[in-house]
Amino acid sequence: MTTGPLPRRVALISVHTSPLAQPGTGDAGGMNVYVWQTATRLARRGVEVEIFTRATSSSDAPRVAAAPRVTVRNVVAGPFEGLDKRDLPAQLCAFTAGVLRAEAAQEPGYYDLIHSHYWLSGQVGWLARDRWGVPLVHTAHTLAAVKNASLAAGDTAEPQLRVIGEQQVVDEADRLIANTETEASELISMYGADPARIDVVTPGADLDCYTPGPREMARTSLGLDQNEAIVTFVGRIQPLKAPDLLIEAAAPLIRRSRTSRRPVRVLIVGGPSGSGLDRPTALIDLAHDLGIADAVTFLPPQAPARLADVYRASNLVAVPSHSESFGLVAIEAQACGTPVLAADVGGLSVAVAGGRTGVLVGSHAVGDWTNALEKALAQPDRLAEMGRNARVHAEQFSWDHTVDAMLSSYSRAMQSFAARNPDAAQSVAAQNVTGSSSRTRRPWRRRRSTLLPMTGRS
């Protein structure tokens, strides 16, 4: 339980994607879910949350009361449509100006803490932290150096601009939140992060939405055959997530099972994103070329309640990603009692209990995935046992647990920041005793600026 100072109001920064967007297409994915779920649960603990995100439509209201104590501020920065995420660094000045102007319209000391999500937001948070005189907590969600070390075929490497930008944020943030111990180790080994400033805060799932249920009812609601063995991919369609690997690996099984009592079907749920936008029909073309187009079903991104039915309808959910800082899909599927076949990369080894709630595959070779799929589907009793274990495993990963750990990180950030800034220490003490929001604006300052060469870093 957190015993130190806690913020009254937090500015969450999510530049490139809104928590109100539908996950599974464009730039909306697990981070959207993370920001929304943690924001609403922080609000339930009495913390006011304001989320700054870039407006993507002229109809976006400047302020949206999204939930009790949760406000989304849509900041105009660049054109509403047609702006690729790779072009967003050029709009960070405009976005930062919008954030600073919003705060300037309030009384001094309006926000107690900034929590930035993804490196673009970290750049904004770094400047706002120095302007407002409050601590900055940063969650990377993904790291360029990690992604570039495990690129999928046909994927585009993250630019050096991002690597440098991430390095700056890692150096500047008061605390860094990593999804897993693996990500914490990557921050230390690849970015030279101070281990003492890292908190491991594991993401969760909405355990009230994602629950086990009758497979027959779920399949009926989705119009799926009751007799098929269904293997499902959920996520953005891009090389990093490797849905093509699943289709290629399943192809031999689909061909061999056509005349059996239990034919195999692949279900792809999501929309194109990132470099996947360059070839939006690539997966459809692949299924056609492999002669299995009739056994591959495509669905658009689904709302949570509908997505829960997708998980329940599946015999197995596949997460073949080349890189994954955690893997929310894996936890959501297991919460619904569905076992997971996942690549043994990043946080997936935490999200999936290999051999107990699913299977971890140690390579991205098509043959290895075909063998893993065949072995899993050939043992329905074993899959059923894994499904029962999966729900128990998933119950360790609630968003309430996530927010408990997040608030502890916030408290440490506020304490360490106050220790370095005597005026901040007095402000925190006054806040805890009186609940007063009266604080004088502190002058612009830089805590450190240590951009190091990207080679030869110790």
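Cβ coordinates are placed from backbone N, Cα and C, and glycine is handled just like the others.
The annotation 1D-myo-inositol 3-phosphate binding site is assigned in Swiss-Prot to His16, Asp27, Ala28, Gly29, Gly30, Met31, Asn32, Lys85, Tyr118, Thr142, Arg162 on the grounds of sequence analysis. The Cβ of Tyr118 (1D-myo-inositol 3-phosphate binding site) lies under 8 Å from the Cβ of Ser14, Val15, His16, Met31, Thr139, Ala140, His141, Thr142, each of these being in the same chain and 6 or more residues away along the sequence.
For Glu332 (UDP-N-acetyl-alpha-D-glucosamine binding site), the count of additional Cβ atoms within 10 Å of its Cβ stands at 29 [all protein chains shown]. The UDP-N-acetyl-alpha-D-glucosamine binding site feature in Swiss-Prot is assigned to Gln22, Pro23, Gly30, Arg236, Lys241, Gln302, Glu324, Glu332.
Among the features that Swiss-Prot reports, Mg(2+) binding site is placed at Tyr311, Arg312, Ser314, Thr338, with the record citing sequence analysis. In the three-state DSSP classification, Thr338 (Mg(2+) binding site) falls within coil. The Cβ of Thr338 (Mg(2+) binding site) has 31 other Cβ atoms within 10 Å, all protein chains considered.
The region 'Disordered' feature in Swiss-Prot is assigned to 428-458.
For 439-449, the entry in Swiss-Prot reads compositional bias 'Basic residues'.
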Should any of the binding-site residues Gln22, Gly30, Asn32, Arg236, Glu324, Glu332 have a Cα within 10 Å of the Cα of Tyr311 (Mg(2+) binding site), which are they? Glu332
Per 10 Å Cβ neighbour count, which of the binding-site residues Gln22, Ser314 ranks highest? Ser314
What binding-site residues among Pro23, Glu324, Glu332 are found with a C-alpha within 10 angstroms of that of Asn32 (1D-myo-inositol 3-phosphate binding site)? Pro23
Using the alpha carbons only, what distance in Å do you get between Gln302 (UDP-N-acetyl-alpha-D-glucosamine binding site) and Ala28 (1D-myo-inositol 3-phosphate binding site) once rounded? 12
Per DSSP, three-state class assigned to Asn32 (1D-myo-inositol 3-phosphate binding site): helix
Near Glu332 (UDP-N-acetyl-alpha-D-glucosamine binding site), which of the binding-site residues Ala28, Gly30, Arg162, Ser314, Thr338 can be found within 10 Å, Cα to Cα? Thr338
Here the Cα-Cα span from Gly30 (1D-myo-inositol 3-phosphate binding site) to Pro23 (UDP-N-acetyl-alpha-D-glucosamine binding site), rounded to a whole number of angstrom, reaches 7
